[in-house]
Amino acid sequence: MPYKISRAAYAGMFGPTTGDKVRLADTELFIEIEKDFTTYGEEVKFGGGKVIRDGMGQSQVTRADGAVDTVITNAVIVDHSGVYKADIGLKDGRIVAIGKAGNPDMQPGVNIIVGPGTEAIAAEGKIVTAGGMDSHIHFIAPQQIEEALMSGMTCMLGGGTGPAHGTLATTCTPGPWHLARMIEAADAFPMNLAFAGKGNASLPGALTEMVLAGATSLKLHEDWGTTPGAIDCCLSVADEYDVQVMIHTDTLNESGFVEDTIGAIKGRTIHAFHTEGAGGGHAPDIIKICGQPNVIPSSTNPTRPYTVNTIAEHLDMLMVCHHLSPSIPEDIAFAESRIRKETIAAEDILHDIGAFSIISSDSQAMGRVGEVAIRTWQTADKMKRQRGRLKQENGDNDNFRVRRYIAKYTINPAIAHGLSHEIGSVEVGKRADLVLWNPAFFGVKPDMVLLGGSIAAAPMGDPNASIPTPQPVHYRPMFASYGRSLTNSSVTFVSQASLDAGLKGRLGVAKQLVAVKNTRGGISKASMIHNDLTPEIEVDPETYEVRANGELLTCEPATVLPMAQRYFLF
């Protein structure tokens with residue numbers, strides 16, 4: 001006779017199930033479990049007196065015969081594809097199955113075999129997401145990588161060589177020699193890394209040699225001269241070698257206006273950084289390119305979301321990041337032309353309607369590398385409070401809004417940069433780069449970060465204590481952050497052309513080099529999941545007011561945010 005159990009007792013034992021709701025951190029965002037792929041009465045759980053024991057939930061199946069390396073039990077999966085409950089099976093560093101784990105000799109419907117060689121990660125009451133991807137990195141300091149990892153990022157793409165002045169301002173690793181040094185350095189870090197070459201040139205030769213040296217993308221930056229000629233040349237090289245182009249346009253409109261940039265792009269796919277403009281770009285109307293079907297627009301996190309402190313903070317950041325002087329009037333005018341409350345307010349709404357597709361950091365160069373997830377969810381929370389539920393919601397929950405916003409730092413940057421065959425979602429066949437969260441700390445402080453199926457980072461107590469929990473508890477590197485486990489748990493992304501040219505043998509690096517693919521004509525704004533809207537944008541040149549399809553986009557700045565001081569008092 002089946003035993004009946006209350007929802008509260010069930011959630012306490014196995015985590016929430018279909019129809020249960022979970023609050024994300026201290027936001028006003030509530031998810032509802034859409035489907036539970038586990039089987040009532042046959043759930044697997046590890047621990048004393050629990051199910052994953054020999055002859056019960058654990059089978060006699062060997063690894064060679066199909067048992068997984070790791071099972072993550074009873075996880076609430078939050079992904080662009082949905083909000084659902086399942087067990088997750090990992091093998092050879094990849095997700096091999098999502099569904100029902102256990103012993104097929106004893107239990108029905110098992111598609112994840114637990115054997116004597118299987119490790120268990122208990123996710124009852126926890127949320128599992130794909131590791132985040134930050135697609136706007138200035139590699140100024142290697143210490144950024146640990147900060148990003150501990151915040152739930154598992155892939156970083158950008159450029160730089162350290163605290164050189166070119167890197168402080170622009171996201172470029174210029175030239176084959178510097179690219180080689182950065183790819184070599186990548187072997188030291190528990191993180192999937194990808195490097196962008198400099199894209200500013202009017203002739204293709206120097207750009208081609210950077211792609212052949214391993215650049216996964218080319219970055220056009222106004223500080224190097226983003227002229228129509230450089231834009232056209234860079235995109236032509238990218239089309240030839242299947243790499244992405246990122247653009248930071250001409251704030252001063254010296255070589256042309258936004259219309260000239262759109263003309264130089266010629267309908268080709270391009271990733272537009274900080275499309276609102278505070279991070280740089282044609283003043284005051286670069287934001288209008290988010291309506292172009294070939295432009296993938298993104299934000300950097302200092303303007304996310306619009307608050308009472310945003311404007312004042314940006315002026316100081318800008319002076320430092322772009323080597324400007326407060327004693328030079330022209331430099332002050334340059335800074336003030338970029339910081340506009342009207343376009344920043346509109347950016348909030350453009351994210352909420354799915355017209356802006358990606359959120360990234362702009363690490364140490366007008367952005368905070370450890371706050372990509374936090375700023376994304378703060379924006380989502382602000383928009384729910386100010387604009388209410390989205391019309392696409394089905395039921396009394398925020399599932400669609402949550403799926404829209406998580407796509408902005410997982411699957412969409414992966415698609416934009418040709419990495420979605422490897423990362424970006426909780427999906428069978430992809431790398432097991434996964435993050436576990438306590439719902440109360442969702443988006444703020446992860447419970448555990450996995451890279452390639454191995455634990456790379458987690459909060460950990462005093463190593464001399466008798467149990468793992470005594471203070472001081474803080475984030476520490478785990479075993480996938482050391483030795484050959486590090487180089488076997490993460491990869492370095494490069495261009496296919498560089499692999500064909502023998503880059504791996506030439507550099508002798510330990511990490512696997514994986515090629516990016518499908519970054520050009522095969523993708524566009526329409527490829528951005530839940531974030532593919534292309535409204536017609538108008539900007540008033542006098543007032544800076546922004547309209548989308550004729551509707552004024554404006555909102556009040558936030559005075560209080562969730563996921564903030566409450567979580568960082570200690």
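The backbone N, Cα and C atoms fix where each Cβ goes, glycine too.
Per Swiss-Prot, these features apply:
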type     : residues               : note
DOMAIN   : 131-570                : domain 'Urease'
BINDING  : H136, H138, K219, D362 : Ni(2+) 1 binding site
BINDING  : K219, H248, H274       : Ni(2+) 2 binding site
MOD_RES  : K219                   : N6-carboxylysine
BINDING  : H221                   : substrate binding site
ACT_SITE : H322                   : active site, proton donor
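If you compare Cα positions, H274 (Ni(2+) 2 binding site) sits closest to D362 out of the binding-site residues H138, H221, D362. Just so you know, of the recorded positions H136, H221, H322, the Cβ with the fewest other Cβ atoms around it within 10 Å is the one at H322. For the pair H322 (active site, proton donor) and D362 (Ni(2+) 1 binding site), the Cα-Cα distance reads 13 Å. Across the structure, H248 (Ni(2+) 2 binding site) and the residue listed as 'substrate binding site' place their CA atoms 5 angstrom apart. If you take the C-beta of H138 (Ni(2+) 1 binding site) and look for same-chain residues 6 or more apart in sequence within under 8 angstroms, you find G158, G159, G160, T167, L168, T170, T171, D362, S363, Q364, A365. Counted within 10 Å of its Cβ, the other Cβ atoms near D362 (Ni(2+) 1 binding site) come to 29, all protein chains included. The CA atom of H221 (substrate binding site) is located 12 Å away from the CA atom of H136 (Ni(2+) 1 binding site). In sequence order, I137, G158, G159, T170, T171, M246, F273, T300, S360, S361, S363, A365, G367 are the residues of the same chain, not among H136, H138, K219, D362, whose CB sits within 8 A of the CB centroid for the Ni(2+) 1 site. The binding-site residues listed here are H248, H274; among them, H274 has the most other Cβ atoms within 10 Å of its own Cβ.
Long-range neighbours of K219 (Ni(2+) 1 binding site) (same chain, six or more residues apart, CB within less than 8 Å of its CB): G158, G159, T170, T171, C172, A196, G197, K198, G199, V245, M246, I247, H248. Excluding the listed site residues K219, H248, H274, the same chain places H136, T170, T171, L220, H221, E222, M246, I247, T249, A272, F273, G279, G280, G281 with Cβ atoms within 8 Å of the centre of the Ni(2+) 2 site Cβ atoms.
Secondary structure at H248 (Ni(2+) 2 binding site), as computed by DSSP, is strand.
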